Amino acid sequence: MARVPMPKRSAGHDRPAATIAPSILSADFARLAEECKRMVDLGADWLHVDVMDGHFVPNLTIGAPVVASLRKHTDAFLDCHLMVSNPEQWVKDFAKAGADMYTFHLEAAAGPGPDDWHALSPDAPHQAVVDLCHGIRAAHMHVGIAIKPSTPPELVAPYVAEGLVDMVLVMTVEPGFGGQSFMPQAVAKAAFLRNKFPDLNIQVDGGLAPNTIDRAAEAGANVIVAGSAVFGAADPAAVMKTLKSSVATAASSGKPAH
């Protein structure tokens, strides 16, 4: 079993509990442990860790050694987003480092080639993706699957339906760089998934801020990643409170749990 349980849906809400996960990509890396403690003390529920390999995406960030170092300084939920080719290669390393969530890209999991994801089907799970989900669970981490803005949400549905996934991450920017503008059309994917899976944790990542959160909340998202909007704010606690309040308001105005 994973260390920390996932957020659950309560009576009168149309989704699991609102969860705020500041992206440490926007932190001062020279003071990373201190920055992370500050965010948790100010109200962050999780810490979002963007892992980029310079291959699946054009940027290069951090890996398991930084997660292992950070784990020594915090008990916070470490939400690791692997924007990497060959995501199966790093499962054991991140489990050993102390990651709580291992989110891989559906587009990278079907095979090593750039066009392999076109073999994915909305009607049946792809065996390589199934095997990866099982491997992550066996390593005692939660399973997340991320999809790019151009990837149809129907392609991730078979894995959720089979109970293989704890969270789906809907990218609302192109993965690879922080500080991009929110893509409002991408949140329609969250709405599709929320309507189909009321108990699913749906994360949105990219350009989320007080002026864009309502669109994501109304679409059904409950796990909110925000980088520069939080770390760059004069009052990060107030920003996180605004993000969480928007999600909570949307959740309670939805269909009652049954």
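Cβ coordinates come from backbone N, Cα and C, glycine included.
If you look up TrEMBL, you'll see Ser23, His81, Gly176, Phe177, Gly178, Gly179, Gly207, Gly227, Ser228 marked as substrate binding site. The divalent metal cation binding site annotation in TrEMBL covers His48, Asp50, His81, Asp205. Here TrEMBL flags Asp50 as active site, proton acceptor. Marked as active site, proton donor by TrEMBL: Asp205.
Shown here: features listed in TrEMBL, placed on the structure.
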residue: Ser23; record: substrate binding site; CB count, 10 Å: 24
residue: His48; record: divalent metal cation binding site; CB count, 10 Å: 28
residue: Asp50; record: divalent metal cation binding site; CB count, 10 Å: 24
residue: His81; record: divalent metal cation binding site; CB count, 10 Å: 26
residue: Gly176; record: substrate binding site; CB count, 10 Å: 18
residue: Asp205; record: divalent metal cation binding site; CB count, 10 Å: 27
residue: Gly207; record: substrate binding site; CB count, 10 Å: 23
residue: Ser228; record: substrate binding site; CB count, 10 Å: 17
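A Cβ within 8 Å of the Cβ centre of His48, Asp50, His81, Asp205, the residues given for divalent metal cation, is found for these other residues of the same chain: Ala21, Ser23, Leu25, Val49, Asp79, Cys80, Thr103, Leu169, Val225. Spatial neighbours are here defined as Cα atoms within 10 angstroms of one another, and by that definition the neighbours of Asp50 (divalent metal cation binding site) among the binding-site residues Ser23, Gly176, Gly207, Ser228 are Ser23, Gly176. Distance noted between the C-alpha atoms of Gly207 (substrate binding site) and His48 (divalent metal cation binding site) is 14 Å.
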